[in-house]
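So that you can see what the record holds, here are the features copied from TrEMBL:
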| type | residues | note |
| --- | --- | --- |
| DOMAIN | 2-311 | domain 'Gem-associated protein 5 second beta-propeller' |
| REPEAT | 1-25 | repeat 'WD' |
| REPEAT | 244-286 | repeat 'WD' |
| REPEAT | 287-322 | repeat 'WD' |
Amino acid sequence: GRIAIGAGDNTIRIWNQSNKSNLFDISNLFYGIRSKITSAAWHPEKEGLLAYGTDDGRVGVYNTLASSKPPTMSSTFHNKTVYVVCWGPPLNADSAGYQLYSVGDGVILQHFIGDPGKNALNIVSSIESVNKPQKEKLIRSEMSWKPDYTAFAVGHDNGCVSIYQFPKLKELCQVTASRKLINCTKWHPDTTVESPGGSPCQNWLAFAGNDGPISVVDLSGILATREVPGKSELVKMTEVSCQVSGHIPRTTDMCWSPHHDGKLVSVGYDNVAIVWNMRTSEAMAVFNGHEGRLLTVLWSSIDSDVIMTGGFDGTLRMWRVSQQAGTLPSIT
């Protein structure tokens with residue numbers, strides 16, 4: 001497989017881990033990139049297409065198989081940092097394939113990459129037209145799609161997480177278990193190596209942010225009743241299925257294991273990565289090999305024992321869960 005690494009030197013590095021004869025088969029993409037890379041996402045179906053967002057608000061798509069060509073840029077960009085780019089189905093039911101979504105400036109944009117005459121659509125307006133008006137102005141900070149694209153989660157600066165049905169955009173649920181900005185929301189995989197026929201955790205959603213704790217909600221009941229007549233009212237949740245201590249002072253990223261049900265790895269501003277068994281709310285391992293705050297984490301899709309982390313020390317580190325201790329860092 002290939003790993004995309006976005007960095008602060010205006011460069012995307014593509015690490016080809018399939019090349020067994022050269023363990024450091026890395027190519028650099030920098031043509032047309034003028035700012036720090038703050039987010040990246042591979043296309044779910046088309047090989048080599050990589051979306052990215054930058055510190056100065058730009059959104060583009062690179063064909064990594066034709067790296068000599070410049071990226072295709074969106075005609076619309078954010079005023080500030082792009083915190084999320086992700087692929088999802090288009091809002092227009094008549095369209096096929098996937099469109100690119102981005103989060104920044106407190107809004108969510110759907111981009112029409114490859115159509116230079118078409119501006120991005122602010123889907124917040126579309127969401128608000130379907131649902132009841134909010135009493136307070138909400139600043140969107142995060143977005144993630146359920147793997148089957150039947151729903152998506154949106155995090156806000158007030159700690160609330162909203163679950164929306166797709167394609168109707170109806171708000172199914174509001175989860176209020178945090179008081180500070182949500183940095184990451186992660187849906188559990190529909191299937192894992194352990195449960196190829198369907199994971200028992202497939203409707204779990206993990207979320208975390210600037211107040212540290214990591215929460216998980218099981219949305220099975222809510223997602224099951226979304227098409228039932230008389231069951232369309234908004235559900236407000238204040239209790240979660242499980243919650244662990246997370247990172248001090250904030251959790252920055254998480255990743256579910258594609259191999260085992262209910263296992264999650266998280267990183268944060270305390271310079272460590274923690275592997276959790278969210279079915280028992282226990283910490284399994286702690287990695288403290290970095291020399292600064294951590295920003296991103298990825299569980300290897302090939303080896304269930306390997307995790308990759310990156311952060312402020314400018315390094316991407318690859319480590320084994322089995323070789324780490326299970327002791328949480330002390331809070332001083």
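Note that Cβ sites are derived from N, Cα and C of the backbone, with glycine treated the same way.
Here the repeat 'WD' (287-322) is broken down by DSSP into helix, strand and coil counts: 2 helix, 18 strand, 16 coil. In the predicted structure, the repeat 'WD' (244-286) carries a mean pLDDT of 95. When DSSP labels each residue, the repeat 'WD' (244-286) comes out as 0 helix, 23 strand, 20 coil, counted as helix, strand and coil in that order.
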